[in-house]
């Protein structure tokens, strides 16, 4: 609100626009009478983008709070989750939305720029790669999101034993965004990040299903597990092929050899690291499932003990007293009379 109010005041408008607007445009014309449609603005990276990243990180904090209060908190109250599952729900719930936005927005930018139909545009003209308004804003929001996750650890009251893993995750993602943006790898970078977001979106959907439904081995769980594994492996292979095609072949002669080798090495190492973790986790889950199946006691059918028939010992009438003997005789006579009828 301070920045928005500052944008309305004439004396503070230049400073506020430094944080809100995008800068470092290299071309573009406003619509005029002679040129009604104008010309699209194209941008490049610059130091003023750091101010925009700071402002949009505040916007991400607000959007994070809205999503948490109006959606995730209501879901957690409905399912009565434990503390560990609640923490996992909050993390995966936020990341599902972020990766979905990244996937749709980045995919739209790829289609608009024509990268998917003309892959040579990823390296043609390097390092002069001006960006459209939407593509530059996409990169700013990417950096802002991973920057906002650091104060969110305090705002969301995350346990301190979880801080290290989340900070490493956010720092690695922010470093990838900053390196790709700073070294003008925006075109290949947006393709790689859209692929990565596709795999992460499926993975967190599978994780949310496990959190909310429990560890039920039904058809839905098996289907999501199969889709998660297939998409993950496909994305890793596509990322490697795209990286080798761009850095090794496409930019040969246009970029320094050291820069190309370093970028390709980082990309390959990251993909191998993710693949190794995925295989290790899959093996661990199989071993745990097998051990759990072995530890389950087998249900034995309990046979009901057969009741032994107690044989009645006939009693001789001579052993009974006279009254009982007379009673027995009377009963026999009545039974004989009934049978005769």
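Cβ coordinates come from backbone N, Cα and C, glycine included.
TrEMBL does not curate its annotations; it predicts them automatically.
Positions annotated as transmembrane segment by TrEMBL: 52-72 (among others).
If you look up TrEMBL, you'll see 87-287 marked as domain 'TLC'.
Sequence-distant contacts of the transmembrane segment (226-251), counting only residues of its own chain at least 6 positions beyond either end whose CB sits under 8 Å from a CB of the stretch, comprise 119-120, 122-123, 126, 188, 191-192, 195-196, 198-199, 202-203, 206, 260-261, 263-264, 267-268, 271, 274-275, 278, 282. For 226-251 (among others), the entry in TrEMBL reads transmembrane segment.
Residues of the same chain lying 6 or more positions beyond the ends of the transmembrane segment (257-280) and with a Cβ under 8 Å from any Cβ of it are 176, 179, 183, 185, 192, 229, 232-233, 236, 239-240, 243-244, 247-248, 251. The transmembrane segment feature in TrEMBL is assigned to 257-280 (among others).
The region 'Disordered' annotation in TrEMBL covers 294-328.
The compositional bias 'Basic and acidic residues' annotation in TrEMBL covers 300-315.
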